Amino acid sequence: MTSPTSGAEQPAPYGTGPVPQAKTAGRIRIHHLQQAKDEGRRFAMLTAYEQYAAEIFDEAGIEVLLIGDSASNNVYGNETSLPVTVDELLPLCRAVSRSAKRAFILADLPFGSYEVSAAQAVETSVRFLKEGGAHAVKMEGGAFYADTVRAVVQAGVPVMAHIGFTPQSEHSLGGYRVQGRGDDARRLIEDAKALEAAGAFAVLMEMVPADVAASVDAALRVPTVGIGAGSSTTGQVLVWQDMAGLRGGKMARFVKQYADLRTILGTAAREYAADVRGGTFPGSEHSF
Ligand SMILES: Nc1nc(=O)c2c([nH]1)NC[C@@H]1CN(c3ccc(C(=O)N[C@@H](CCC(=O)O)C(=O)O)cc3)CN21
Ligand SMILES: CC(C)C(=O)C(=O)O
Ligand SMILES: [Mg+2]
């Protein structure tokens with residue numbers, strides 16, 4: 001193979017020198033996630049909605065950052081993920097994609113932005129890549145969405161499918177409940193296979209019995225990601241404010257809390273306020 005750098009050293013003609021690769025060098029891509037499955041390794045995914053979380057998780061080696069529609073109830077103050085819009089998620093996606101150098105950037109399609117037609121799904125997905133800087137999108141839904149997945153993939157947008165408990169359908173599913181128990185296990189496996197056949201590069205399962213999730217993972221060539229789906233999936237995902245203990249209140253069973261940021265930030269804010277009220281902040285070292 002010949003390359004511009006082989007043979008005798010010659011000045012490169014203008015415009016043919018090496019292209020800077022900083023933007024993509026070392027970037028996690030879909031084939032790395034596939035390799036993880038093929039070689040029996042697991043990968044980690046977290047949500048991220050802004051600059052510092054994105055930078056910190058990227059530097060920590062988290063392979064996939066998800067701009068989740070869970071921004072609805074973790075950023076925008078809604079009770080559920082239903083109200084959040086494309087126009088609200090796009091700026092968060094842009095902030096994360098600007099801030100992460102290595103992670104694969106995955107954007108959730110919010111409720112109402114892809115269900116109407118395959119054309120609507122393609123239009124919304126393209127916006128997340130063009131305007132949000134995402135590398136792929138995730139959408140909720142089973143085999144019924146296979147044609148939609150196929151259309152988006154054909155347009156050049158990789159798709160992660162999301163099955164099991166799909167929070168955008170909580171009112172159809174009758175609440176926040178484990179999916180795929182008993183006879184429903186077979187349907188979950190068929191959904192996953194149909195979505196893989198439609199071109200999904202991965203399948204995420206939420207709140208599915210561990211043995212059923214293991215069967216789905218075994219039935220698929222592509223990697224799986226789990227949240228409340230046991231330890232047999234290729235990857236795992238958590239909402240970062242749950243994982244880091246920033247969010248208060250009762251946590252779902254599938255959450256493991258690795259830090260207590262809510263207490264740390266609350267203590268910092270109380271100490272700051274006390275210093276201000278007591279006149280000890282700012283000190284002379286903070287003054288001009
Ligand atoms: N902060 C946050 N964390 C999440 O994991 C999350 C969001 N927000 N927003 C969108 C969806 C909603 N999700 C949720 C939220 C709560 C439960 C929950 O309360 N589960 C209970 C009941 C399970 C059952 O009885 O079947 C649990 O104890 O796990 C589950 C999924 C997951 N996603
Ligand atoms: C919980 C994960 C899988 C998600 O879809 C989200 O954060 O929106
Ligand atoms: Mg979501």
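Backbone N, Cα and C atoms are what each Cβ position is placed from, and that goes for glycine too.
Note that the structure is a prediction, hence the values are computed from the model and not measured.
According to TrEMBL, the feature region 'Disordered' maps to 1-21.
TrEMBL lists Asp69, Asp108, Glu140 with the feature Mg(2+) binding site. Contacts of Asp108 (Mg(2+) binding site) defined by a Cβ separation under 8 A and a same-chain sequence distance of 6+ are given as Leu66, Ile67, Gly68, Asp69, Ser70, Leu89, Val137, Lys138, Met139, in order along the sequence.
Summarising the annotation, TrEMBL assigns 3-methyl-2-oxobutanoate binding site to Asp69, Ser70, Asp108, Lys138. DSSP assigns Lys138 (3-methyl-2-oxobutanoate binding site) to a strand in the three-state reduction.
A 10 Å cutoff on Cβ-Cβ distances gives Glu206 (active site, proton acceptor) a total of 23 other Cβ atoms nearby, all chains included. Among the features that TrEMBL reports, active site, proton acceptor is placed at Glu206.
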May I ask which of the binding-site residues Asp69, Ser70, Asp108, Glu140 have a CB within less than 6 Å of any atom of ligand 2, listed in sequence order?
Asp69, Ser70, Asp108
Note the Cβ centroid of Asp69, Asp108, Glu140, the recorded Mg(2+) site, then list each other residue of that chain whose Cβ lies within 8 Å of it, in sequence.
Gly68, Ser70, Ser81, Leu109, Pro110, Phe111, Lys138, Met139, His162, Pro167, Gln168
Measure from the CA atom of Glu206 (active site, proton acceptor) to the CA atom of Glu140 (Mg(2+) binding site) and give the result in Å, rounded to a whole number.
10
